[in-house]
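Input: a single structure, listed below in structure tokens.
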Amino acid sequence: MRVGQLLRFRSTSLRSSTARQEYVPHHKPVVEDDIKRLEDFLLSKPNVLVLTGAGISTESGIPDYRSEGVGLYARSNHKPVQHMEFVKSSAVRKRYWARNFVGWPKFSATQPNATHHALARFEREERVQAVVTQNVDRLHTKAGSRNVVEVHGSGYVVKCLSCEYRIDRHEFQSILASLNPAFKDAPDMIRPDGDVEIPLEYIENFRIPECTQCGGDLKPEIVFFGDSVPRPRVDQIAGMVYNSDGLLVLGSSLLVFSGYRVVLQTKDLKLPVGIVNIGETRADHLADIKISAKCGDVIPKLFDFRNSKSVS
């Protein structure tokens, strides 16, 4: 039987806007007064720092983990790979890379949505200092944002666990393809880290290259669950908070501490925090302004009817 026949499962299309919205949780229409309130909040803070989570990428067709009814925890019993499991188990590494290989073409083809593009525009207009993102999808960079810090790393880089070797994920995909010619059909169900679900019988024969420098094991440059954000990155973000005049959180429940910590650092400096997210967040009690809405209904509409600031 052909691999393509066995790889069929729940399939979704990212081609239409309707399909892209299927990963967006149920939400109410935005109140226009809320957009005005957020504009006023930002107008007095030209050096605001933006923290983004998976909620801004759901409108691009990448599901988050936790959203009720549409997140991956609601759709599947499969849990994300743990860092120590990946490091210690060759079977876990093989399973991860097989799924990631199949899902990569779809994941890497995902395009920024209106919120990503709006944030890139705000940076050009000097309305925001930078973007700190919990996402690994590089959509901010694709949209044109230049000052981006990826808290949890990037799915677009592969690193060796034993030395400093790095390789671009697209190049690594070509190597995997040459080693595994049978895996040519790509399922459509994407996890936030590019992972997908495929039959176990095909994972057993999947081949993974070793590091060309030292023969070590290769891993995406992503902070897996159970791992810690590198200290230099934590310190870099803390410095950005210190140099900001406020924080705007977009599309994050802030349940992961690496994101919540940024809010705590901001409030420790007695700086204001704004939040736009569908549903509650861990930091609602700390927010100076909270809007429960889809980011795409709010952020692209900001400053629409105001003259852009002149940028030298």
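Including glycine, each Cβ sits where the backbone N, Cα and C put it.
For 1-16, the entry in Swiss-Prot reads transit peptide, with the evidence type sequence analysis. Positions annotated as domain 'Deacetylase sirtuin-type' by Swiss-Prot, on the basis of sequence analysis: 28-312. Sequence annotations record features per position, and here Swiss-Prot assigns NAD(+) binding site to 53-73, 134-137, 251-253, 277-279, Cys295 based on sequence analysis. If you look up Swiss-Prot, you'll see His152 marked as active site, proton acceptor. Taken from Swiss-Prot, the feature Zn(2+) binding site applies to Cys160, Cys163, Cys211, Cys214.
A map of Swiss-Prot features onto the structure.
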residue : record                       : DSSP (3 states)
Gly53   : NAD(+) binding site          : coil
Gly61   : NAD(+) binding site          : coil
Asp137  : NAD(+) binding site          : coil
His152  : active site, proton acceptor : coil
Cys160  : Zn(2+) binding site          : strand
Cys211  : Zn(2+) binding site          : coil
Asn277  : NAD(+) binding site          : coil
* Asked: Among the binding-site residues listed here (Ser57, Gly61, Asp137), which has the Cα closest to the Cα of the residue listed as 'active site, proton acceptor'?
  -> Asp137
* Whole-number Å only: compute the distance from the Cα of Asp137 (NAD(+) binding site) to the Cα of Cys211 (Zn(2+) binding site). => 24
* Count of other CB atoms lying within 10 Å of the CB belonging to His152 (active site, proton acceptor) -> 22
* Asked: Counting all other Cβ atoms within 10 Å across every protein chain shown, which of the binding-site residues Cys211, Cys214 scores highest?
  -> Cys211
* How far is it from Gly53 (NAD(+) binding site) to Cys163 (Zn(2+) binding site), counting Cα to Cα, in Å? -> 30
* Structure fact -> Of the binding-site residues listed (Cys160, Cys163), the greatest number of other CB atoms within 10 A surrounds the CB of Cys160
